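Structure first, then comments.
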Amino acid sequence: MLITRRLEFDAGHRIPNHDSQCRHLHGHRYALEITLSGQIIDVEGVSEQGMVMDFSAVKTIANEMLVNHWDHAFLAYRGDAAVVAFLATLPGHKTVVLDVVPTAENLAAEAFRVLDKAYVDTYGNQLRLERVRLYETPNNWADAVR
Ligand SMILES: Nc1nc2c(c(=O)[nH]1)N=C([C@H](O)[C@H](O)COP(=O)(O)OP(=O)(O)OP(=O)(O)O)CN2
Ligand SMILES: [Zn+2]
């Protein structure tokens, strides 16, 4: 069985070497779809009976591990020295410095890497992360899969 939880967040980025307007500082309303696989929990009387994982627990973990860190942050490539240096001059600015260019593909891969450690099987139902889909715009997305 597969279940998917969608979350949305806002973040800034730029793709410094891209041959288009994407090289300018700008932002997106990103959407993250987290797909988990597992057996349906059949433990009589527990809160999660009939579920693979409680959707609210999927959200809580995603927020704690990832979304709260990226929401309203500027996602900057470590190699984008001018932007990293500039943002460091803004007191208290929320900047996430990444080792990769913040494309949809790289953000999806990073989200998968972070979240894969976070979803653990507590009911013996083989719970595991299967896919992270990261929408940069409603028309453009990337899938990181196992
Ligand atoms: N494979 C990828 N291609 C592009 C990425 C990416 O992450 N992976 N990112 C960008 C830019 O970040 C850009 O912001 C994308 O948004 P937008 O300019 O709105 O994209 P489109 O022009 O394709 O959107 P429309 O739906 O046509 O308005 C560029 N490419
Ligand atoms: Zn963009």
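Positions of Cβ are set from backbone N, Cα and C atoms, glycine also.
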HIS26, HIS28 show up in TrEMBL as binding Zn(2+); which entry in HIS13, HIS18 does that record put in the same site?
HIS13
If you take the centroid of the Cβ atoms of HIS13, HIS26, HIS28, the listed Zn(2+) site, which other residues of that chain have their Cβ within 8 Å of it?
ALA11, GLY12, ARG14, CYS22, LEU25, GLY27, LEU75, PRO102, GLU136
Specify the count of other C-beta atoms within 10 Å of the C-beta of HIS28 (Zn(2+) binding site).
18
Rounded to a whole angstrom, what is the C-alpha distance between CYS22 (active site, proton acceptor) and HIS13 (Zn(2+) binding site)?
9
Rounded Cα separation (Å) that holds between HIS72 (active site, charge relay system) and HIS26 (Zn(2+) binding site):
12
